[in-house]
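Novice: What TrEMBL records for 13-411 is domain 'Major facilitator superfamily (MFS) profile'. Taken from TrEMBL, the feature transmembrane segment applies to 10-27, 74-95, 101-120, 141-164, 197-218, 239-260, 276-294, 306-324, 330-352, 364-383, 389-407.
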Amino acid sequence: MPKVKNRNQFLIPLLVVMSLMFIWNLSRNINDVLIPHLKRACQLTDFQSSLVQSAFFGGYFLLALPVGQYIRRFGYRAGMITGLFMAALGAFLFFPAAETRFYPLFLAALFIMAAGFTFLEVTATPYVSVLGDPEKASGRLSLAAAVGSVGATIGPYIGAVFLLHTTDTPETVVQQFSPSQLADYLNAEAQLVKMPYLSLGALFMVLGGMLFFIKMPAIHEEGEENVRLKSIFKFKHTVLGALGVFCYLGAEVGIVSFLIRYSKSLNIEGVGEQKAALFITLFMALVLVGRLAGAYFLQKVNPSKALMACALGAITLVTVAILSTGYVSIFSLSIVGLCTSVMYPILFTLSIKNLGAYTKTGSSLIIMSIVGGAIVPPLMGLISDMYSIRFAFVLPILCYAYILYYAQKGHIIR
């Protein structure tokens, strides 16, 4: 396990890292609003607009391991600073992208921002895990995740204020525009992204500059010079844990992505799309509540047993949702948020346990697994097209079943 000097001086470093987690989660979840906005501004198909998530998650997947090597060589502090400046660069690229309304440039900007967030995520999570008593690492990570959840909840609302504050012109009206009117309308829509992303870029620059002057404890791993990238695969509990993170995020994103469609398929009287969206709000609110509670309880219970209980709860709730109808079905899916709330901090803690010099590389492998959020939802969509939306929720059950296996046996270090 990494060793940290001056263990009585953890408060400020923890506050700094948690602030970063708040900011990048806020920024990342503006994508939920950005997708329909760019679809309109750049006149995209559904497939083209979905490339927003592909570009973003692609940044995590492709760069996580190289970022781990960079951090191993230059340290956690340098990784955070580099990540903030890179995220700022990506945010600033939204200005020329909006000026030209060139969609590939928007995607490039998102990819670069995601690359910056990869630096932050690879550094921040293991940093939090070692700033204090190792036995209470899950609790600290759960609190940090709760702070990130607040940012994730606020992000879409901030995006809506900036990007969706104008009256949406009906498509039938847009189709009647002359070429010059259409160009003016689309350019005006594209301009709306400037303010939020330029503001984020400036904030990233300020935070990166501040880190040059804030004292951050150095973390040292014995023998880190001898670590090779491929060496992490000899740790079975880490590799299996990374697959667990893949399943966790894939299932969570999949459930939230299809919650509105599923609620509409239930034909509940008075529940349209707008009201159905409230179930997503409930899901995310329960994630936040669970992480706040987990910050306390995970310091007092065995992490693997807590993960087992969460996985069993999620399996039960999704099964009830599939087999029931009406409000029972939709509320069962919404309550899954409470079960998934602490899965990530527990999975991460168990996965990097006893890695020593391999901690940074191991955390990179785990961060790569975030790509599950980009793979599982399309698979659910394919199942829905071939069979039914109800049957598609069998896939999250399989994901949670794997997490249950990891909690029972997969996490054991051999």
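Just so you know, glycine gets a Cβ as well, placed from its N, Cα and C.
Automatic, uncurated: that is what TrEMBL annotation is.
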Novice: Over the span of the domain 'Major facilitator superfamily (MFS) profile' (13-411), how high is the average pLDDT in this prediction?
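Specialist: Summing pLDDT over the domain 'Major facilitator superfamily (MFS) profile' (13-411) and dividing by its length gives 83.
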Novice: When only pairs 6 or more apart in sequence are counted, do the transmembrane segment (141-164) and the transmembrane segment (239-260) reach 3 or more Cβ pairs under 8 Å?
Specialist: no
Novice: What parts of the chain pack near the transmembrane segment (364-383), using Cβ distances under 8 Å and only residues at least 6 beyond its ends?
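Specialist: Same-chain contacts beyond the ends: 53-54, 57-58, 60-61, 64-69, 71, 118, 121-122, 125, 232, 238-239, 241-254, 257-258, 347-348, 351-352, 391-396, 399.
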Novice: Does the transmembrane segment (330-352) reach the transmembrane segment (276-294) with at least 3 CB pairs under 8 A, where each pair is 6 or more residues apart?
Specialist: yes
Novice: Cβ under 8 Å to the transmembrane segment (389-407), counting only same-chain residues 6 or more beyond its ends: which ones?
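Specialist: Beyond its ends, the transmembrane segment (389-407) has Cβ neighbours at 240-241, 243-244, 247-248, 250-251, 254-255, 258, 261-262, 265, 304-305, 307-308, 310-312, 314-315, 318-319, 321-322, 333, 336, 343, 347, 350, 376, 379-381, 383.
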Novice: Which of 10-27, 276-294, 306-324 has the most Cβ pairs closer than 8 Å to the transmembrane segment (239-260)?
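Specialist: Per the Cβ under 8 Å count, 276-294.
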Novice: Restricting to the same chain and to residues at least six past its boundaries, which positions have a Cβ under 8 Å from a Cβ of the transmembrane segment (306-324)?
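Specialist: Cβ under 8 Å, 6 or more out: 138, 251, 255, 294, 297-298, 330, 332-333, 335-336, 338-343, 346-347, 350, 390-391, 393-394, 396-397, 400-401, 403-404, 406-408, 411.
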Novice: Go through the chain and flag residues at least 6 beyond the ends of the transmembrane segment (276-294) whose CB is under 8 A from any CB in it; none is fine as an answer.
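Specialist: Contacts with the transmembrane segment (276-294): 138-139, 142-143, 145-146, 149-150, 152-153, 255-256, 259-260, 263-264, 306, 330-331, 333-342, 345.
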